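Participant: I have a structure here, written as structure tokens, and I will follow up with some questions on it.
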Amino acid sequence: MKPTMMSNWPGFINRFVRQVRHPLDFRRPYRITGFPDNLSPLGYFGQTKQYARAAQEPYLVTVVQGRSKKPCSPRERANRRFGEDSWFVSSTPRAEVLGVADGVGGWRDMGVDAGRFAKELMGCCCGRSEQEDFDGRNPRSLLVSSYQELKDRDDPVVGSSTACVVAMHRRDLTLYTANLGDSGFMVLRNGRVMHRSEEQTHDFNTPFQLTVAPSHKLDSVHCDGPEKAAVSRHPLAPGDLVLLATDGLFDNLPESMLLEMLRKFHGVRDEKELQDAANQVVEKARELSMNASFPSPFAVKARANNISYSGGGKPDDITLILASVEVPKVHR
């Protein structure tokens with residue numbers, strides 16, 4: 001953010017706090033910005049995928065799908081953004097790393113691209129996951145170092161976002177996770193939930209969030225450090241499905257419906273077939289988000305928190321990463 005924007009800060013702060021902390025702060029669309037060329041998903045990622053398969057190491061068959069709340073340029077997938085959501089997928093000889101982040105929309109009222117922070121955070125995590133010193137067992141370290149980088153830049157990246165980063169370590173076939181806020185992950189096996197991350201929230205629809213803001217205003221906004229990210233580890237088995245998503249999916253698609261849609265895809269190796277599954281899930285979530293009478297998970301939570309909400313889905317950006325665990329026979 002340029003210094004001239006900071007000079008307008010006092011006039012916006014009270015309105016901004018209401019936007020960020022209000023329980024019905026629906027996130028809004030974004031403007032397209034470029035993604036660093038050196039983080040192209042077709043470069044290092046594709047090369048290490050080939051390495052893993054040639055070396056007969058465990059790997060993930062991974063697909064991505066998403067929908068912005070409002071129509072946006074078709075370039076958004078290349079920019080790894082769906083509205084104010086962002087994502088990354090990284091593959092190294094040690095691990096496969098996946099991440100999603102959801103930018104907090106309240107920043108838009110201050111003239112800030114609410115999705116930029118999420119995009120830059122995921123870009124940093126992607127780059128750092130491919131460095132030699134990342135062993136694939138501590139995804140929270142990616143959040144710590146990436147968050148610090150955004151804060152330390154000469155032109156700090158101002159904003160907030162949730163973050164969920166997971167890594168499948170090839171040698172021990174274990175999923176290591178770090179989750180902050182209300183994005184999250186699931187591990188599915190034979191149509192059952194083996195594990196699902198828990199939401200971290202201050203209040204209803206006010207998730208934990210990484211934030212970069214002027215130091216004298218930190219007390220006025222929610223600012224949760226990456227050390228608050230919940231970490232866990234989960235043994236994986238061949239055919240397991242690993243799912244990462246932003247709240248645009250979880251707030252609109254009931255778990256029972258999600259499980260039913262994905263039940264037949266256990267053990268799927270074909271990328272096109274898995275992509276079809278992701279497409280169906282995202283399209284169903286988008287459809288339900290526009291249904292004013294559907295008892296969505298968001299509407300159910302609103303009533304449980306005595307929040308006045310007319311019911312139905314929650315229009316929002318939706319991002320989904322869906323991966324199937326593939327283990328060559330030599331490792332079974």
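Yeah, the Cβs are placed from backbone N, Cα and C, and that goes for glycine too.
The domain 'PPM-type phosphatase' annotation in Swiss-Prot covers 70-325, and the record cites sequence analysis as its basis. As annotated by Swiss-Prot, Mn(2+) 2 binding site applies to Asp102, Asp247, with the evidence given as similarity to another entry. Annotated Mn(2+) 1 binding site per Swiss-Prot: Asp102, Gly103, in sequence order, evidence recorded as similarity to another entry.
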Participant: Quick one: Cα separation, Asp247 (Mn(2+) 2 binding site) versus Gly103 (Mn(2+) 1 binding site), in Å?
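Facilitator: If we compare the Cα positions of Asp247 (Mn(2+) 2 binding site) and Gly103 (Mn(2+) 1 binding site), the gap is 11 Å.
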Participant: Can you tell me the mean pLDDT for the domain 'PPM-type phosphatase' (70-325)?
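Facilitator: Averaging the confidence scores along the domain 'PPM-type phosphatase' (70-325) gives 94.
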Participant: Using a 10 Å cut-off on CB atoms, tell me which of the binding-site residues Asp102, Asp247 is the least crowded.
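Facilitator: Output over binding-site residues Asp102, Asp247: least Cβ neighbours within 10 Å is Asp247.
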Participant: Quick check: in three-state DSSP terms, what is Asp247 (Mn(2+) 2 binding site)?
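Facilitator: The three-state answer is helix.
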